[in-house]
Ligand code: IPD
Ligand code: CA
């Protein structure tokens, strides 16, 4: 895909993420308390997830009818260029009235993460990145933190029932023993974006879905952070481990959580 086509897609992703974020914000501010269902244990679903995904799907299909799209709620199919979309990441927060959630839109071309846009509508924040073109937050360049030691680091950890609790407890214990502080804010996508913006020094989760990480992985790489090669896993569509980190602590954190970092693919 040439430069012009990718640029067009980055602009479209940003404007669709902003529009979808505005819808999510409206639905969040007007939701009756307790208005959610559970798809499974600790797996929340709100009406907003479906409504926001429908909006994103409609917009993308109108502008790029030949591109594929896979969404968290309604699936889809892939093509040479495939959009991977999480309509609301941080659904558990959204459902319980916590304003830490986002809309994530990423693009994979021939298996390689090319660009991403993430809207966090309650904070009026729009993150955007394109491979080799940098990462921005509300139009301003962002960089991963300069933190050089785990004893000074803040690391976010995510978990889900997809892996045994004991594995997460071991990981958490090891990160705490390194001297790092551990955070769990409930949106894997924003967890990655916060590493790109220098607000955290790392994010790790033993099994996470592609729509949670694609856009954030482009952001982290473009902000000078380190990441594992999530899309190298043959079954990445059904979930894989993720690790992103500020460059000064990446090697040490990788050793502790047991997720290898990759050399950047170009
Ligand atoms: C979840 C969140 C959570 C992460 C889980 C995800 P959802 O996505 O990103 O932080 O730990 O692995 O499934 O359910 O909020 O879209
Ligand atoms: Ca998600």
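Just so you know, the numbers here start at 1 and follow the chain as drawn.
For all residues, glycine too, the Cβ spot is worked out from N, Cα and C.
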Which of 58, 72, 114 belongs with 86, 88, 89, 212 in the Mg(2+) site listed by TrEMBL:
72
Under 6 Å from ligand 2 by Cβ, which binding-site residues from 86, 88, 89?
86, 89
Tell me, how many other CB atoms lie within 10 A of the CB of residue 86 (Mg(2+) binding site), whichever protein chain they belong to?
31
Protein Cβ atoms within 10 Å of residue 88 (Mg(2+) binding site), excluding its own
31
Candidates 72, 89: member of the binding-site residues with the richest Cβ shell (10 Å)
89
